[in-house]
Amino acid sequence: MSNSTKFDTNTVIHIFAIPIALLGLLAYAISLYLIHKSERYHNVFGILCTAYVSFHIQTVSVLFIWTIVRIIVHAGLKPFPWTTFIRIFSPIANSTLYAAIWIQFVLAINRLWAISYPMTYHRIFSRKNARLAVVFLWSFSMLIMVLYYNVECVRYFESDIYSWSTLYGPCNHSFFIYFSILLSDGIILITVMVDAIAFYRIVAYIKKKKHQEVNATRGSLSHDILFFKEKIFQACITTGIHAFLIAIFRIDGPFIARVTKVTYMWLAMSTLDSFTFIFFNRNLLMNRNVVNIKLALPMHNTVSISDHWLSLNTISRVLI
């Protein structure tokens, strides 16, 4: 009777995960639309944001398929090659989850470099380098996950060690679990620290220039401040979900399996992240023709102000 109750509960729980996944996909689709239509994102920052959103779309799509398959398996409608499915879909889901975390770190470095080293920004963060970074991170994360999930083991199982970033782990090797925590939680923590440093630099610059007439610069600052508000808010959401999931993991519930908790955690983090992006860019959604301040550089290289930080003595002309 208890097994039947657990079976029924897990099935119902996975059914409720479907609308969460669909909401996340819808929100990320809107995010891609905003990035594509807004001139603010027609730069290196936009390339990295597009990759970030695309990675999450792949992860949520795989989780959506994963949820459907779990319902079918729990319902016992027909035999299903579960082991083969895990070896194929787990690397696909995990790879873009890690790649999204690493891209978020690259975005943080991008903003900090733009503020701290404006004269060398375009040499480091060119469009070509941004695309190469995206391809490298996706390929590297996929390679790691393919190797990780194809270690020859007797079976795959749900690890009893805390690891929100892996659905299943092979061979009960704790080294892999801690390595995954380092590449996920560790990178997120470093990203928050980098964003905090960059945000502090912006605030310090505002205080330094508050008595000077630098309206154009203040206009550019508003874009960067908005970006960091978004990143800090996202970091708070992610940290809160992490803390909640750790607490749930420590509670031995009679009904919900660990993999179900992980699935919900992924979906909740991705969905809230996508709605956070839309919230902080809602003005772009209501008015696609928002006015952007641009800088005309020598050699006719016109770039968006949110693509870099320039000191006042490097500005040759301001286009309104």
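In case you wondered, yes, glycine gets a Cβ from its N, Cα and C as well.
Quick look at what TrEMBL lists:
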type	residues	note
DOMAIN	27-208	domain 'G-protein coupled receptors family 1 profile'
TRANSMEM	12-35	transmembrane segment
TRANSMEM	47-73	transmembrane segment
TRANSMEM	85-109	transmembrane segment
TRANSMEM	130-149	transmembrane segment
TRANSMEM	175-200	transmembrane segment
TRANSMEM	232-251	transmembrane segment
TRANSMEM	263-280	transmembrane segment
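When each of 12-35, 47-73, 263-280 is checked for Cβ pairs under 8 Å to the transmembrane segment (85-109), 47-73 comes out on top. Within the chain carrying the transmembrane segment (130-149), a Cβ under 8 angstroms from the stretch's Cβ atoms is held by residues 44, 47-48, 51, 55, 86-87, 90-92, 94-96, 98-99, 102-103, 106, 168, 170, 176, all 6 or more beyond its ends.
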